[in-house]
């Protein structure tokens, strides 16, 4: 085996290992919530991949005009991906401040005696027409979209009724839970895989699961 062949094999190995590491970094970034820096991190990873592939083609020492074609194509797709990424980021739904929850659940949860107190959502919310409508919608969202994972705990999802699991997650705030549900978090796809859901409906579904799990939200007034 010639020295040139050894160099080529080493180059192939380096490129594949580097691309694998960058792929793992891309997957890992989905499990880390860094706010707006997530988009920067993923963009830097994408740039690293593009430059690595470009350098690889340059190393192959193709005819000069082919090298220019590959370089131009790589730059073109990099611009396209950057534009699509920024478009997705800028059009994502904005978080609703928790202070605005009053219009969703206008009444304070009823204080029931120990003999009649229940962990069900319907028993904790005053039975005004608006509150009952919100309870019903939250239940519908759960049954149609959320129950597939949150009923059984599939893919690490907190099971409905598991107070400890939900209480731990809600410590970050309701807005963070809604943000994760809308945009996707770890194994959970954006909007639970139901892109037709409005953010307000997702919020109702989350509150339904929290209350069914015995977790009360103090910010609901």
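Cβ from N, Cα, C; glycine included.
Marked as transmembrane segment by TrEMBL: 12-33, 39-58, 65-86. Sequence annotations record features per position, and here TrEMBL assigns region 'Disordered' to 108-129. Per TrEMBL, the feature compositional bias 'Polar residues' maps to 110-129. Per TrEMBL, domain 'Cytochrome c' is recorded for 133-213.
The average per-residue pLDDT of the prediction over the domain 'Cytochrome c' (133-213) is 87, rounded to a whole number. DSSP places the residues of the domain 'Cytochrome c' (133-213) in helix, strand and coil in these numbers: 57 helix, 2 strand, 22 coil.
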